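Here is the structure we will look at.
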Amino acid sequence: MSTTPNIGFISLGCPKNLVDSERILTELRTDGYNIIPSYENADLVIVNTCGFIDSAVQESLEAIGEALEENGKVIVTGCLGAKENQIREVHPKVLEITGPHSYEAVMKHVHKYVPRPERNIYTSLVPAQGVKLTPKHYAYLKISEGCDHRCTFCIIPSMRGDLDSRPIVQVLDEAKRLADSGVKELLIVSQDTSAYALDQSKENQNKTVFWNGAPIKNNLITLCEQLGSLGIWVRLHYVYPYPHVDDLIPLMAQGKILPYLDIPLQHASPKVLKAMKRPGAIDRTLERIKKWREICPELTLRSTFIVGFPGETEEDFQMLLDFLEEAQLDRVGCFKFSPVEGAVATEMADQVSEDVKEERFHRFMQVQQRISAARLQQKVGKTLAVIIDEIDEEGIIGRSMADAPEIDGVVYVDNLSEQEVKVGQVISVSITNADEYDLWGTC
């Protein structure tokens with residue numbers, strides 16, 4: 001009697017890569033393979049890599065090396081897989097290498113080295129929504145691949161290609177399956193969410209298709225309207241500041257999607273933004289932020305910035321600090337510029353020293369922590385909707401509409417027993433305390 005083959009799996013990198021991992025795992029289970037969390041008893045190991053910055057490349061190479069040492073039979077996929085020579089130079093014994101979102105190629109290689117079982121005992125166990133690596137109450141929904149921008153600090157287009165939007169009906173069908181399975185929050189991701197469908201012809205964008213018996217158009221605003229009809233939280237990530245983003249704010253004000261906008265602005269100095277090949281009209285950005293908040297006062301704005309970009313002067317950096325003070329963003333991430341092999345910025349003149357990067361990073365964070373603390377303090381005394389993420393002997397932890405999982409803060413809920421609530425439930429919490437990242441409250 002043949003035994004069911006075991007496949008070990010390692011997933012690294014961002015939420016977009018996690019979605020790719022979920023797709024591969026779903027294919028593996030559908031084909032009858034058993035997924036295990038260890039190398040020891042695996043017939044083969046798949047490593048889904050990240051290659052965005054040098055530290056991610058190093059982490060991926062170390063994971064590949066560990067899998068080879070512990071098991072010996074390894075297939076590599078993901079963003080770093082687009083640089084096959086770099087992997088082969090360090091790990092020549094890797095069996096096969098594919099680039100990102102190469103699901104069919106990965107499965108072809110798996111079948112080559114570990115033939116699919118004749119009898120599939122898992123077919124009936126694969127859920128309609130597929131295998132998910134997130135908790136049952138939230139899921140990432142990827143609406144497109146690739147990116148048409150050529151930011152000088154980034155090599156993603158060279159690994160994931162140009163923008164390729166999924167058909168709107170396909171996206172909505174997946175969203176409905178997730179909602180029907182019990183998912184309470186959808187996190188919309190892509191390399192450039194606001195560019196959804198812009199890679200398609202005007203004819204295709206304006207073409208009427210049908211979903212749930214209703215005629216719809218193929219564009220971001222329609223997509224968000226339809227996602228909002230599912231009756232669950234819908235959160236937008238990686239939103240490039242196109243003009244039509246303004247049209248999303250009324251949907252947030254109406255409660256159709258969460259009042260949360262993740263816009264990676266990267267800097268505030270026009271000179272630095274030009275060198276990055278990013279939009280440079282920072283005054284216009286401030287005007288838009290003011291208008292957005294007038295339309296939707298509950299709007300949470302998250303952004304990310306890079307300090308120490310080549311050529312960044314003290315004057316440029318001060319412009320960034322001044323922007324933080326004026327914009328009063330709610331959630332902010334900051335990265336020190338990291339040279340990436342293949343990125344234009346890596347070869348630019350006037351590289352900033354590591355000491356200066358570190359010093360500017362800490363100054364940046366001091367300013368933003370003060371701003372974030374003040375904005376969270378304004379929530380004390382208010383009652384917020386909170387989705388429960390964790391319940392254990394130490395208490396209950398959830399997130400408000402202003403908090404995305406893993407990257408934002410949390411809400412610690414007191415005076416509530418684990419018998420009274422369950423993970424994924426949305427409850428009302430009265431906020432009693434705040435710091436620069438998190439909130440505390442009671443029911």
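Each Cβ is built from the backbone N, Cα and C atoms, and glycine gets one as well.
Annotation comment: Swiss-Prot describes C14, C50, C79 as [4Fe-4S] cluster 1 binding site, evidence class sequence analysis. For C79 ([4Fe-4S] cluster 1 binding site), the same-chain residues 6+ apart in sequence whose C-beta sits under 8 angstroms from its C-beta are G13, N17, T49, C50, G51, F52, G99, P100, I156, M159, R160.
Under the heading [4Fe-4S] cluster 2 binding site, Swiss-Prot lists C147, C151, C154. A C-beta separation below 8 Å, combined with a sequence spacing of at least six in one chain, links C151 ([4Fe-4S] cluster 2 binding site) to Q266, M276, K277, R278. According to DSSP, C151 ([4Fe-4S] cluster 2 binding site) sits in a coil region rather than a helix or strand.
Positions annotated as domain 'MTTase N-terminal' by Swiss-Prot: 5-115. For the domain 'MTTase N-terminal' (5-115), DSSP puts the residue distribution at 55 helix, 22 strand, 34 coil.
The domain 'Radical SAM core' annotation in Swiss-Prot covers 133-374.
Residues or ranges marked as domain 'TRAM' in Swiss-Prot (evidence: sequence analysis): 377-443.
The average pLDDT computed over the domain 'Radical SAM core' (133-374) stands at 93. Under a cutoff of 8 A between CB atoms, and with a sequence separation of 6+ in the same chain, the neighbours of C14 ([4Fe-4S] cluster 1 binding site) are C50, F52. Of the chain residues outside the [4Fe-4S] cluster 1 site list C14, C50, C79, L12, G13, K16, N17, T49, G51, F52, A56, G78, L80, P100 have their Cβ within 8 Å of the site's Cβ mean position. Note on C147 ([4Fe-4S] cluster 2 binding site): other Cβ atoms within 10 Å of its Cβ, all shown chains, come to 21. A 10 Å cutoff on Cβ-Cβ distances gives C154 ([4Fe-4S] cluster 2 binding site) a total of 22 other Cβ atoms nearby, all chains included.
For C50 ([4Fe-4S] cluster 1 binding site), the number of other Cβ atoms no farther than 10 Å from its own Cβ, over all displayed protein chains, is 22.
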